[in-house]
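Okay, structure first, notes after.
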Amino acid sequence: MVKHQPLQYYEPQLCLSCLTGIYGCRWKRYQRSHDDTTKWERLWFLILTSSFFLTLVWFYFWWEVHNDYNEINWFLYNRMGYWSDWSIPILVTTAAGFTYITVLLILALCHIAVGQQMNLHWLHKIGLMTTLITTVVTMSSIAQLWDDEWEMVFISLQATAPFLHIGALAAVTALSWLIAGQFARMEKATSQMLMVTAYLAVVVALYLVPLTISSPCIMEKKALGPKPAIIGHRGAPMLAPENTLMSFQKAVEQKIYGVQADVILSYDGVPFLMHDKTLRRTTNVEEVFPGRAYEHSSMFNWTDLEMLNAGEWFLRNDPFWTAGSLSRSDYLEAANQSVCKLADMLEVIKDNTSLILNFQDLPPDHPYYTSYINITLKTILASGIQQQAVMWLPDTERQLVRQIAPAFQQTSGLKLDAERLREKGIVKLNLRYTKVTNEDVRDYMAANLSVNLYTVNEPWLYSILWCTGVPSVTSDSSHVLRKVPFPIWLMPPDEYRLIWITSDLISFIIIVGVFIFQNYHNDQWRLGSIRTYNPEQIMLSAAVRRSSRDVKIMKEKLIFSEINNGVETTDELSLCSENGYANEMVTPTDHRDTRLRMN
């Protein structure tokens, strides 16, 4: 019986197999190659890199607009006709796409690091293009439908830019190992210069980025102004259904500065609270009056409005994901809320709470179309609330309002020059936080005009506005913001400059050290680390990438070895690369008939 022994045994390379297998479905040794990556695959790598940065921006955008998720859902509700929480599915999908692209990019960079030829599998190419196209379409849709929300990105950078800069600096510094390794192995000086120039341009740009960073929270602690007052948006809509009596009771319990309410008149002249033009979103009108669900809310008599439930929708749709945290008693109370009269709300808040009133325009055929201002004023004055506590927002009949209630704070929702506002008798502005800059706030304050910004729900945004000097904000999450004792971060300018310069110096030292080490290590490998060669190693070695010059040297040494010594056997051949990867070969101990042949 003849016993056959293998000429060679290659130790398994599990990590390398997983790397090339996941990226290009090349799990076997013979499927891998250290040849140069084709131009087609380089194009796919460029697409992959571009997709990474695009999905990074989109993921950052969607994470930061968490402040406005409810507004986004309400906006889509008005366009689509039904309520659904679109924010979380979009966030989850965006996070999944970003994670997928990031993993592919890391695998591609690992291919470069170990000298493997990149060959992205066709399934990944489909997934990459699907993710890219979906992201582009979604971003374009948001830009067209809600371009105002992109201002949120620039505002958020005031809070995150100093930290994003350090993170980007760490990432680019870490890439120096890969760049330096490629630089050391390149044979053409032109290619080396192009690579180093491009890399250094990125590094220098990052070093200088702090010159463009402007954040109001980079300031001395003693210059920090008072904490902005908090106004509950439609009461406390995270703790109770919006514009209901329970919502305003919860707001008063929070001991906040004021509340905001949306007022409209019923068909028989009773002022009540409702934000939408119809009753579909916040009541069960489709069950009680199915034929009138799309009618304007002002076309219902008060006796009809009293029949509607205004709380079940809150528990069913859970717009702020807070319904599950309600106590048993609050849950039952919320389920039984009804449409709220203006007079009932005023009775709850009249003692120590300010009020911003917003009005809906009535249809022209409404019986009180021309007199609803008078009716509302009578209701407010009859409640006993102090006139100084009322911020009057509608531009309609301002002169009449001044005559009847001269102490009302005349408030405007329009961004105009301070001089024009003063001429109109405006003392307060109520604007969306994306509509004003830090300079606008300071100019208005210098002109003795108070500014209230809406809708501010996140502590980081509240902190930025606090550092800016905003006097008050309107919020859905008053119970959260009232517990913010201090801006999330506040840094003196000298301290920030010290962190900036120190980070740049550390990065520079690491980059220079990496380039020196990689060049020294590569020179040592070329001069003395190559001991013996085997043609099978040249063909099958997949752990490292060697230049054509290195492969030529190995082949020449093998040929001269056979000429000088004849056909010999070797006990063990081992080749280590400059990257630290070993492709070891073990031969049998019985060498009687073993021969190495060159084809």
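Any Cβ shown, glycine's included, is placed from N, Cα and C.
Note that the structure is a prediction, hence the values are computed from the model and not measured.
Here is what Swiss-Prot records for this protein:
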| type | residues | note |
| --- | --- | --- |
| TOPO_DOM | 1-42 | topological domain 'Cytoplasmic' |
| DISULFID | Cys15-Cys18 | disulfide bond |
| DISULFID | Cys25-Cys576 | disulfide bond |
| TRANSMEM | 43-63 | transmembrane segment |
| TOPO_DOM | 64-87 | topological domain 'Extracellular' |
| TRANSMEM | 88-108 | transmembrane segment |
| TOPO_DOM | 109-125 | topological domain 'Cytoplasmic' |
| TRANSMEM | 126-146 | transmembrane segment |
| TOPO_DOM | 147-160 | topological domain 'Extracellular' |
| TRANSMEM | 161-181 | transmembrane segment |
| TOPO_DOM | 182-192 | topological domain 'Cytoplasmic' |
| TRANSMEM | 193-213 | transmembrane segment |
| TOPO_DOM | 214-497 | topological domain 'Extracellular' |
| DOMAIN | 228-485 | domain 'GP-PDE' |
| CARBOHYD | Asn301 | N-linked glycosylation site |
| CARBOHYD | Asn336 | N-linked glycosylation site |
| CARBOHYD | Asn352 | N-linked glycosylation site |
| CARBOHYD | Asn374 | N-linked glycosylation site |
| CARBOHYD | Asn448 | N-linked glycosylation site |
| TRANSMEM | 498-518 | transmembrane segment |
| TOPO_DOM | 519-599 | topological domain 'Cytoplasmic' |
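Features per Swiss-Prot, on structure.
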residue	record	Cβ within 10 Å
Cys15	disulfide bond	12
Cys18	disulfide bond	12
Cys25	disulfide bond	14
Asn301	N-linked glycosylation site	12
Asn336	N-linked glycosylation site	12
Asn352	N-linked glycosylation site	12
Asn374	N-linked glycosylation site	14
Asn448	N-linked glycosylation site	9
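Contact between the transmembrane segment (498-518) and the transmembrane segment (88-108) is not supported, since fewer than 3 Cβ pairs fall under 8 Å when only residues 6 or more apart in sequence are counted. For Asn336 (N-linked glycosylation site), the nearest neighbour among the glycosylation sites Asn301, Asn352, Asn374, judged by Cα separation, is Asn301. Long-range contacts of the transmembrane segment (161-181) within its own chain (CB-CB distance under 8 A, at least 6 residues past either end) are made by residues 109, 112-113, 195-196, 199, 202-203, 206-207, 209-210, 213, 215, 218, 491, 496, 499-500, 503-504, 507, 510-511, 514-515, 517-519, 522, 578-579.
Among the recorded stretches 88-108, 126-146, 193-213, the one sharing the largest number of Cβ pairs closer than 8 Å with the transmembrane segment (43-63) is 88-108. Considering only the recorded positions Cys15, Cys18, Asn301, Asn448, the residue whose Cα is spatially closest to the Cα of Asn374 (N-linked glycosylation site) is Asn301. Helix first, then strand, then coil: DSSP counts for the topological domain 'Extracellular' (64-87) stand at 18 helix, 0 strand, 6 coil. Comparing the Cα of Asn448 (N-linked glycosylation site) with the Cα of every entry in Cys15, Cys18, Cys25, Asn301, Asn352, these being the recorded positions, the smallest distance points to Asn352. Note: the CA-CA distance between Cys15 (disulfide bond) and Cys25 (disulfide bond) rounds to 14 Å. In terms of Cα distance, the recorded positions that sit within 10 Å of Cys25 (disulfide bond) are Cys18, chosen from Cys18, Asn301, Asn352.
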